[in-house]
């Protein structure tokens, strides 16, 4: 399989040697959706990676620009040039978004925020690494009736392995998807195709792929950790490849957090570590008896707990996110930390002892409906604020908080994550100073405005369960 280009020259050679006819220019919008424009490959030359392509109408992208300042430029990132293996003679490349007219980088380009975060941490003498675990569902079909909301809305999920399936084959019972072998696991072949494509064409190193806890085709793919912007790029690629391979098979992949009631939702647990530039893990202390965690590591946790409610608006950014973040489904609800407690927002993995390179934290609230460029940048900034202010995270909580009395939770001063998107947005609106060295006011305000509009719109529609519950009122 073709190797990934390392520079502009190799990217141009890549187009020639692979007989590429079309190139997909891809970028991420403010809400985390991957967008694209396709151009002829013969438009690429030596200047393309310096001048870019004036192809984007920014007024057509939510949260970008208005119609009177809509001309924008997409600047290709040569190291991201790859084949699209399910299309003949087509390549794709990720791009940076610039204002037209030579006015510089577009301040609401999410990838630009990730680059600013990397620059900011470098100025502080740090390097960070991120390793997200992406969960998702692959359904056979989803029927949605929302075109005439006045007469009612609804949806139906078809899944060959779900308890409600009528296919006559094996089913996976609720919460028993972790880890039955095939043929009970009926989606191993599609996961293998996804991870093989990621490795062969997109430069991934895969660490694991497996069925997840939920029925109806829930899976997880874990790839090797990397630096902030590169990891966010890989999240977008993984979602893109997964959706396309499912679609090619006549199925549908979704990264929404909670597509149906009664089973676990999909998260994006994010592993994070902070290092010096000369390769020392700042979170590791072999003399710490509890978790081999350093004082700096505790300060990072303190920052994440301090700003956890505000972070929710970025890491759990949809109304559906808060149907996942409820007790009973292995999702975090409480802003505490622990060595192995999966009801806590922050977990310190304890697979190994005495291994500096493996010391990290796992931040559990994020889900894959989020914008990874903003998520990883916000996690970094909260952690750095914890270091700067020496925020004490308090003692770890190792018992199941779901079973803890309200009185005990109050005595331990345990705070909960927001219970809704509205609540999370209010928290972000009042607590965002820690983000401002990297998140400019333009992107913060645009994000808040878009998400408030989204939350308000969702509140207008009666829910099918409301009909069930209140029809006899």
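The backbone N, Cα and C atoms fix where each Cβ goes, and this holds for glycine too.
On a predicted model such as this, the values are computed, not experimentally measured, just so you know.
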Of the candidates 143, 212, the one that Swiss-Prot places in the Mg(2+) 2 site of 135, 220: 212
Mg(2+) 1 binding, same site as 133, 269 - Swiss-Prot member from 10, 13, 362: 362
Subset of binding-site residues (135, 271, 272, 347, 362) lying within 10 A of residue 330 (L-glutamate binding site), CA to CA, in sequence order: none
Residues flanking the Mg(2+) 2 site, with Cβ no more than 8 Å from the Cβ centroid of 135, 212, 220 and excluding those residues themselves: 133, 134, 136, 210, 211, 213, 214, 218, 219, 221, 266, 267
Residues flanking the L-glutamate site, with Cβ no more than 8 Å from the Cβ centroid of 264, 265, 324, 330, 342, 364 and excluding those residues themselves: 267, 325, 329, 331, 332
Which binding-site residues sit within 10 Å of residue 133 (Mg(2+) 1 binding site) - Cα, from 220, 264, 271, 324, 342, 357: 220, 271
Collapsed DSSP category at residue 324 (L-glutamate binding site): helix
Reduced DSSP assignment, residue 272 (ATP binding site): strand
